[in-house]
Every structure is written in C-alpha cells, then in structure tokens.
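Here is the structure we will look at, set down as structure tokens.
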Amino acid sequence: MDYLPIFMKIEQQHCLIVGGGTVAARKADLFIKSGAIVTVVAPKLGNEMTFHLAQGKIIWHMNTFSTALVSELPRPSLVISATDDQNVNLAVYKTYHAQDIPVNVADQTEYCDFILPAIVDRSPMTIAISTGGRSPVLARVMKARLETMIPHGFSVLTDLVGRYRQTVKNVISDIDGRKTFWETLLSGLFIDKAVHGNTGEAEALLEAELETIKNNGQSLPQGEVYIIGAGPGDPDLMTFKGLRLLQQADVILYDRLVAPEILEMGRREAERIYVGKKEKWHKMDQKDINQMLVDLARQGKRVARLKGGDPYIFGRGAEEVELLVQHDVPYQVVPGITAAAGCSVYADFPLTHRDYAQSVALITGHQQAGAQGIDYARLAQSGDTMVFYMGIKNAPKIQAGLIAHGLCPDTPAAIIENGTRLNQKVTVTSLAKLSETIQKKSIKPPALLVIGEVIKVRERLQKKSLLDDRVPA
C-alpha cells in the first residue's frame, strides 16, 4: 500500500486550509463535518467558502500565504493547500512538512503526506475509497457504485448496533460468542428492519435474541424467507435490495424464468434448488414449494425464492406468503420489474401513450381449470394496451375472442421472445395474423404477447434506441 488507511479524530483541533476557491471549500467542508476548528488563508473567497464564513464555520485570514504569516496562525494538526499558485503550494508544503505536520497539496501527490479519499458517508459508518492519488475519477466512480448499493439507513443501523454493544458484551462474555451473535443478527431480518427505519422492531428482535441466550445459553436459529422478483431477464434489471438479500441467502429456490446470470449473483456456497414448471410438466407442485419454504426456514436457514418478473404479478407469490404467515415465518417480498414493463421498453415501444392508449391490461393467457375466462368483450372495447403472459399456446383463442367481440383485425400485435435478454427477438404482426405468425416462426415460450395501437410508436423510437445494439429485433 502507498498510504495507510486510517481515520483521525480531529474534533476541536486546528486545521489549516490555504486557498479560497471551490476545491479548497470542499476540503474545508470535510474538516467542518469532522468538528475541526478551520482556519482559511486566502486573499479572497469564492461563493462556497463565503457561505462557510457566513455560517461561522471558518476563521478567515485575508492574506496570501507566506512564511511570515505562520507565527500568527494556530499550530494546525493537518494542512491542505489548494491554490492555483504552485509557488504558494510548495511554500506551504515545505513550511509545515519541516515541522512534522501532515500536509496535502491538492492534485500533487508528490507533495502529500496524506490524501483525502472518496467518501461514502453513512455516519457513524464511513467508507473511504482511494486509488493512491492515481485516479480521483476512478475513486469517484467506485464511490457512486457503493452509494447505490449501501442504503442511507445504514447510519441508523450503525448507531443502533453501537448502542447495544455493551449490553451484548454483558450477556455474552466470550469474544467468539459475541462475534457469532452479531454475524447472525447482521445477516437477517434485524438489519432490514433497522435500515428501513423500523428501529423499534429491530430492537425487539435484538432483545428477544439476548433473552433467548439468557434463558437457554444459546440463540436458537431463526430462518426467514425472501420472495424476490428477479425481473424479466436482464441481470441489470435486478433491484439492489433483491441482490442484497440474494447474496445473504443460504438456500436459493428458482424457476426457469430466472436468468442463469442472476442465479450466479448468489453466494457460491448457497444451495440451489430448481422448482421450475413447464406446461404439462411440473418439476414440483406449488403446494410442495410453499411447504419447502416453511421447512427450510424452520431449519434456521435464510431462503431466497427467486421468481421471474414480479412475485405478485402472475407469480403466485401471495400463495407462498400466505403459508409463511400461517406458520409465523419471517419474510420479505421484494418487487421486481414485471415482464410487461421491461420487455416493452427493450422492444422499443411504450405501454401507454396519450395518442394511442391511456390504460394497460395485464392478462394471464394460461387459465386455471374452473377459473373465470378472459372477458374479451370488455378488452375489445376498452382501448387498453393488452399484455398477455403465458399466452403462446392460447394465442388462437385470444385472437378469435378479441376479433369476435369487435377488435379490429388490423390492430398491431407484438411477440417478444426472451424479453430483455441478449437473445431477445421481437416480431411485429397484426391481430389477424397472430396465430399464423407464431406457427410459421415456431415461436416458443418464454414469450410475451402485446396487442394494441401503441405498438405503432416502435418504428419512431427504434431508430435511436441504444438497446438496438444490445438485442436483435
């Protein structure tokens, strides 16, 4: 390592900033947030530094830095020079470096005893990223990625854990025991309660665990289930929360609509169980899947149930949750981008457009025996954009039903195969030719049927879409 990563406590310590511009103001802001007494030496101040002065957060010496000025300034713990004058910057470095006071000259690593990293601030948690001064831009790129991955609620979580640290130490005397306790707690429901502001519930979980340890001498493993919407196929469309929960799961249950790349995002050591279904062939009955979730959670395991699209849109997620509730199994449901939303965008047309459609109907094309049939009369007269899930097999019935109830046979229809994936294929036809097109092109599931005038917009949008370089039309 070129630099030792270290966090310094500078509260109520004097720190010196030489320079009054934008860069200097941003450095001063870090000192201010850390509670330092900040002195600024500059002949004039920019807008940001003037704001700090107006807030009473800095002490300003309206001078150009010189060695003669040093005796008038309090001895600083840290010094940053951020001016456009290289002679001034060099003078600052030589003056304070000779006194064994750490100095940083902005953008000149050869004159830096310390460097300031890119920071992800979740105070009291702080994450620092450094490239050793080689590429501040790369450090900022990494910071941006971490900002999206780490919820702001981690500040609440960190504070909560800190408040209970001594309490846990009083109950669990050995270090290994405390380590196990915190590792278990911080990979389960507790962390999500705290991060999302449910501190009361988080504290109740923590205290219940401690009470169990007091009474039994050990904490009983408590499993939980995550019903995660994996989105329509493209791994980049997975939500951050879904990814975070997937990566802490001990067991992953998945179906055929989940992309292999998404499955690979789970922990390498996690057990993977395929529970997918195909028409006329079911790997596992839905009731058995529901019970498996309960059984695995009762073994103390964290179970991720990955479902294509969104769990509550033709995903039978509610059936799984009902049984979890009946058995008092803790669970979370993570929404996913449903196929209708994702596939239409990747096929270069919207689902609504004020010139064509003001509403959308999501319809299952696979009807359960005994279920109420599709209301073709309402759909044909509604003006909705119609999206049929699992509708390939029943396309002839869908086509006939809509035409019989008055929908124009020339209404555009789109068939999206493997939507949002690299092998996506979009076929545009008319309602009158829908079944013929599916048969002629040997189209197989997974595929989405979209019927509506809004598909006409595709020709205009497709000309400039960056997605055209990613997926074939």
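Cβ from N, Cα, C; glycine included.
Annotated region 'Precorrin-2 dehydrogenase /sirohydrochlorin ferrochelatase' per Swiss-Prot: 1-206, in sequence order. Across the region 'Precorrin-2 dehydrogenase /sirohydrochlorin ferrochelatase' (1-206), mean pLDDT in this model comes to 94.
Listed in sequence order, the residues of the same chain lying 6 or more apart from K44 (NAD(+) binding site) and placing their CB within less than 8 Å of its CB are G20, M62. Annotation note: K44 (NAD(+) binding site) sits in a coil segment as assigned by DSSP. Sequence annotations record features per position, and here Swiss-Prot assigns NAD(+) binding site to T22, V23, P43, K44 based on sequence analysis.
If you look up Swiss-Prot, you'll see 223-473 marked as region 'Uroporphyrinogen-III C-methyltransferase'.
Annotation comment: Swiss-Prot describes P232, G308, G309, D310, I313, T338, A339, M390, G419 as S-adenosyl-L-methionine binding site. In the three-state DSSP classification, I313 (S-adenosyl-L-methionine binding site) falls within coil.
Taken from Swiss-Prot, the feature active site, proton acceptor covers D255. For D255 (active site, proton acceptor), the count of additional Cβ atoms within 10 Å of its Cβ stands at 19 [all protein chains shown].
According to Swiss-Prot, the feature active site, proton donor maps to K277, an assignment based on sequence analysis.
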Q | Whole-number Å value for how far P43 (NAD(+) binding site) lies from G419 (S-adenosyl-L-methionine binding site) (Cα to Cα) | A | 61
Q. Within the chain of G309 (S-adenosyl-L-methionine binding site), which residues six or more apart in sequence place their C-beta under 8 angstroms from its C-beta?
A. G229, A230, G231, P232, L257, G315, G336, I337, T338, A339, G342
Q) For the NAD(+) site given as T22, V23, P43, K44, which other residues of the same chain have their Cβ within 8 Å of the site's Cβ centre? A) G19, G20, G21, A24, A25, A42, L45, G46, M49, A82, T83
Q. Between V23 (NAD(+) binding site) and D255 (active site, proton acceptor), how far is it from one CA atom to the other, in Å?
A. 52
Q) Can you count the other CB atoms that lie within 10 A of the CB of P232 (S-adenosyl-L-methionine binding site)? A) 30
Q: Can you grab the distance from T22 (NAD(+) binding site) over to I313 (S-adenosyl-L-methionine binding site)? Cα atoms, rounded to a whole Å.
A: 50
